[in-house]
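Just below is one structure, and these are the notes that go with it.
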Amino acid sequence: MASVQDPCSFASSSKCTTKHLNLSYHVDFERRVLKGKVALTVEVLEDRCSTVTLDTRDLTIFSATANGQSAKFNMGPEHSFLGTPLEITLPFELSRGQQVIVEVAYETAPKATALQWLTPDQTAGKKQPYLFSQCQVVFGRTVDVALVYHLFFLRVSVPQELVAVMSAIRDGQAPDPEDSSRLVYRFRQPVAMPSYLIAIVVGALESREIGPRSLVWSEKEFVDKAAFEFSETENMLKTAESLVGPYVWGQYDILVLPPSFPYGGMENPCLTFATPTLLAGDRSLSNVIAHEISHSWTGNLVTNKTWEHFWLNEGHTVYLERMIGRSMESEQFRQFKAMGGWKELQESVKTFGADNPLTNLVPSLQDVNPDDAFSSVPYEKGFALLYHLEELLGGPVVFMGFVKSYIQMFAYGSATTEEWKAYLFTYFQDKVDVLNKVDWNAWMHTPGMPPVKPQYDTTMADSCIALCSKWTKAGEADLGGFTAADLTTLSSHQVIEFLSLLLQEEPLPLTHVKRMQEAYDFNSCINAEIRARWLRLCVKSRWEEAVPKALQMATEQGRMKFTRPLFREVYNFDKFRDEAVRMFKTHRAAMHPVMVDLLSKDLKVDLTSC
């Protein structure tokens, strides 16, 4: 199979590949660094190989060896967001198929973007520090030096009062032989996986059993809430297995992180990361867990070969997530969630601009920071393509057969869009005439909304659409007709949809949002999806009293889905623009590095001057 040049990597993946990784970390909270030693078993893919190039970022390299012999190494020029290539010169030449063990001793930087070090005050318990990593997309090179796929063993030394967990199977713990005040936790990952999925968390963690192969982890202040919220995890796992085959990772644990975690979830194998904003108290937001479970097949078992093909991870995962929803709820529920996804796609396209090439399904990332490209486009444009193909090729059962076969074909490896498309044509070889009518260039390589808008079943959305229309058409004399009874037949998902529809309309008059608060009392709602949309709606309508509430929500948690739109909404309210910037500057030290970078661009703040 031809090698693919990755514009987001310096690594010599066309010359050699990683087969195994043995990693040890010493976690130093005082200096905010990890001292690491990694042993990479590298297999050579071409003759006369005498160098290995690895990706790094903000790492101090102390030494390198090859099969125990000292090896010279050189750090190349630093790139603004890709980091620095580490070239190791082997003390011998290798031929195709031969293997070498390359060892590197190094230390991370306190500013490593993959790591967030929290003070005790930033945790729920307020007594112990906390560390978590987020290696996707390219931040893993700030904590590790690696090529792409590998099996691994890990050892982590931490203070004895803390617990370490990783994206791997737990393999016991013992006192650190070099320091009696520390413990060494051992982990193993017998399934090959890409390096961006290596994850570590260290903190005052507790766990609860939520299924025969699942624990939920968090600080004790959240652990019982989390156990309730995610109690359907095993049913979701079984449903996914019925659709795409056995779950190969053994353990499926969930870890609820502190509020600054910037994503809804992260699909680290054996240990899904989840934001505490999912703890709605009614299990209504657990579809994020269905998404992360789906990644166990699409993303973790089959991975996009480069980040330009990110839609292969996320489009298929959204498709599988909604098929799980179809099995556990109904086809109407799947259609309803797909409609909501289409609106999220519209919002992303509007934010980027309809002509922005980053709204291509397969964007070029040459000289582009992959985090700047992050949006709902690969998720929802990808899903829309798969749903369109499903309709053309015979429906959900028929197309799910293809998805399962695609996973089996590329399992334990990676794929490009071209490889996926070639396999699609092979699988549906009796329907090539149908596939040839698809405008592939418009879907893949053209910015903006997709060329085809699916006609989704609106059954579950009709009541949301009707209530939205009632509010937008209401005069002041009609406002008394709205009461709490309007929402009694709506699920949490439908209330979210109602508010999402209103956000797409022109701002409501201030009298209307004040009446909506009187009738529905959204200010007391703890469901983060509802609360964030409600506060955005209020700020859009220029309700000044809502601005402090919006900024409070934007800073008390750090999920990008909520924090960035809330800040942008306040920033666009001219009277409070300076307040939005001031709040960002006040709270940036507690924010995740990814959030700081993207929010500074949203608010046009020059980080070098503050």
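Cβ atoms are placed via backbone N, Cα and C, with glycine included.
Listed in TrEMBL:
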- GLU292: active site, proton acceptor (ACT_SITE)
- TYR379: active site, proton donor (ACT_SITE)
- GLN134, CYS135, GLN136, PRO262, TYR263, GLY264, GLY265, MET266, GLU267, ARG559, MET560, LYS561: peptide binding site (BINDING)
- HIS291, HIS295, GLU314: Zn(2+) binding site (BINDING)
- 459-603: domain 'Peptidase M1 leukotriene A4 hydrolase/aminopeptidase C-terminal' (DOMAIN)
Other residues, Cβ within 8 Å of HIS291, HIS295, GLU314 Cβ centroid (Zn(2+) site):
GLU267, GLU292, SER294, THR298, GLY299, ASN313, THR317, VAL318, GLU321, TYR379
Can you tell me the CA-to-CA distance separating HIS295 (Zn(2+) binding site) and TYR379 (active site, proton donor), as a whole number of Å?
12
Between the Cα atoms of GLU314 (Zn(2+) binding site) and the residue listed as 'active site, proton donor', what distance do you get, rounded to the nearest Å?
5
Have a look at the recorded positions HIS291, GLU292, TYR379 and say which one has the shortest Cα distance to GLU267 (peptide binding site).
GLU292
Just to be sure I understand: of GLN134, TYR263, GLY265, TYR379, MET560, which recorded positions have a C-alpha no more than 10 angstroms from the C-alpha of GLU292 (active site, proton acceptor)?
GLY265
Per residue, counting other C-beta atoms within 10 angstroms of the C-beta, which of the recorded positions GLU292, GLU314 reaches the highest number?
GLU292
Neighbour count (Cβ, 10 Å) for TYR379 (active site, proton donor):
23
TYR263 (peptide binding site) CB neighbourhood, other CB atoms within 10 A:
21
For the domain 'Peptidase M1 leukotriene A4 hydrolase/aminopeptidase C-terminal' (459-603), the mean pLDDT of the predicted model:
96
What's the number of neighbouring CB atoms sitting within 10 A of the CB on HIS291 (Zn(2+) binding site)?
24
Where among the binding-site residues HIS295, MET560 do you find the Cβ with the fewest other Cβ atoms within 10 Å?
MET560
